[in-house]
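Single-structure report; data block below.
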Amino acid sequence: MSRTSGAHTPDTHLCVLLQSEVVLSAFQQHKEVKLKSSPADLVTETDQRVEKILISAIRNRYPQHRFIGEESVAAGEHLELTDSPTWIIDPIDGTVNFVHRFPFVAISIAFTVNRQTQFGIVYSCVEDKLFYAQRGGGAFLNGEPLHASGQQDISRCVVVTEIGAERDDVALSTMTSNIRRLLQLPVHGVRALGTAAVDMCQVATGGADAYYHIGMHCWDIAASAIIVQEAGGVVMDTDGSEFDMMSRRVIAASSAAVADRIAQVIQAFPCCRDDEDNCGCGATGVN
Ligand SMILES: O=P(O)(O)OC[C@@]1(O)O[C@H](CO)[C@@H](O)[C@@H]1O
Ligand SMILES: [Mg+2]
Ligand SMILES: [Mg+2]
């Protein structure tokens, strides 16, 4: 057994790798697509199936543990992160990619105790890349150590972000003006792969220097946040405060200097916290 409160990470790796077969075998097939919170927030039978299998396999082994799963929450389960050992699961991060066969889709699993992430796994299925980090143990890609770039100068950065599922005017104009502001600094480039989990892992590899996102959910970024931190990167809220996986805002960067600069430049649009229903912020779309 590992130090992570009884949760044995190699077992979890195996579970994830087995489920990736389910994702890959469905990848080329026609999918029945349903909409969730917006016309760009999609779910397929494979998302639901993978989440069910993962939860039942982990629950079998750790019956006392709790779960926060994207599709369980979409089905009405209450989302609450407590001090209890908790698995935070995104069965397919990049469902739009999955539906269109755009080849970046990931299974993302984080494990928390006392609300602190102990380890995170992001498996980019088509690329066959397993990103992994354990608190205090470093970050790895297919077993090789990962290091963020350490870049300090925003004008030499590749910055990754996502235009999420929101389609209301305030969100769209904020997202597009944020990209414009960064390009005007200037940065070397702005990129988007369509999966927050894999996007953030690019910061851990040093292939990108920063990632920011407003409107994602805890399951999109819980695992990749510890992977960035353990690769020597910095993770914070877009307002410059401490990272809070429930806030729906994140900056992940190669250095504190780059993270601070992005926090100064970008603006957030309102969205309810993941752990708060109907917060009254007036946001529409993916809440
Ligand atoms: O619903 P999914 O696929 O688990 O996650 C949605 C997502 O991949 O799409 C957005 C980018 O378009 C990101 O906010 C997020 O990571
Ligand atoms: Mg996701
Ligand atoms: Mg998903």
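Backbone N, Cα and C atoms are what each Cβ position is placed from, and that goes for glycine too.
TrEMBL entries are annotated by machine, without manual review.
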Mg(2+) 2 site partner of Asp90, Asp93 (as recorded in TrEMBL), chosen from Asp209, Asp220, Asp237, Asp239: Asp220
Asp90, Asp220: which of these binding-site residues has the sparsest Cβ neighbourhood within 10 Å? Asp220
Counting other Cβ atoms within 10 Å, pick out the least crowded of the binding-site residues Glu70, Ile92, Asp93. Glu70
What other residues of the same chain, not counting Asp90, Asp93, Asp220, have a CB atom within 8 A of the CB centroid of the Mg(2+) 2 site? Glu70, Ile92, Gly94, Ala106, Ser108, Thr195, Ala196, Ala197, Met216, His217, Trp219, Ile221
Cα-Cα, whole number of Å: Asp220 (Mg(2+) 2 binding site) versus Glu70 (Mg(2+) 1 binding site)? 9
How many whole Å apart are the CA atoms of Glu70 (Mg(2+) 1 binding site) and Asp93 (Mg(2+) 2 binding site)? 10
Helix, strand or coil for Asp220 (Mg(2+) 2 binding site)? Use DSSP. helix
